[in-house]
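Asks: Okay, these came from Swiss-Prot:
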type	residues	note
TRANSMEM	1-21	transmembrane segment
TRANSMEM	53-73	transmembrane segment
TRANSMEM	87-107	transmembrane segment
TRANSMEM	122-142	transmembrane segment
TRANSMEM	147-167	transmembrane segment
Amino acid sequence: MLLSVVAIALLAYLLGSFPAGYLAGRWLKGIDIRKEGSGSTGATNVLRVLGKGPALVVFITDILKGVLAVVAARAIASTNGLDPSAIAWLAAFAAIIAVVGHSLPVWLSFRGGKSVATSLGVLLALSPVVGLSGFGAFLLLLALFRIVSLGSIAGAITVIVLMLILPEPLPNKILGIASGIYVIYRHRSNLDRLRRGEEPRIGQRLSTNR
């Protein structure tokens, strides 16, 4: 059991911390994406700095990191003969590790993204209805206001609310609520700009005062 937990934690962190946005900046423009735009390695900053194509690739990659972390955790736990309850808890554990790994990658001095896409990935793997509902809320707010951070926060709130009211397994509830709160926490600077009316819309440049 202990070896399974260690293996799952290491693999989930390795997957979650894979720096897709950083590598896109290095490969396409020879830049450190952390020194451009908002300083995030996530798809939104990649969109701002590198354009739509690279941003879409990074977004999909970051989603897949979350999906693969959950799938791998289930596979490792199942191979070791663990019962369904233990598998569910280990899958949720891997999901949380992957989400945190995305935003705190050791390879980049713990400066990553805001874990939105990776959170979506783990939710799609663990609770597709909640994951798709959160993504739907994100798309709706994005379409109405063209502010990515507002959509991300709305999606996180939607996930939290649904996990509280729907009959989801306890491990999924804890993962969903924790990841939702974490995503909102990672958007602290965005919330400050939203309150001041300074948060950029898609296509607008971010102020140098982050």
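Heads up, the Cβ atoms here are built off N, Cα and C, so glycines get one too.
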Asks: Assess whether the transmembrane segment (87-107) lies in contact with the transmembrane segment (147-167), where contact requires at least three Cβ pairs under 8 Å among residues 6 or more apart in sequence.
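Replies: Contact absent: fewer than 3 Cβ pairs fall under 8 Å.
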Asks: Under 8 Å between C-beta atoms and at least six residues away from its ends: which parts of the chain pack against the transmembrane segment (1-21)?
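Replies: Apart from its flanks, the transmembrane segment (1-21) reaches 33, 40-43, 45-46, 57-58, 61-62, 65-66, 68-69, 72-73, 76-77, 80, 82, 86, 90, 93-95, 97-102, 104-108, 112-113, 118.
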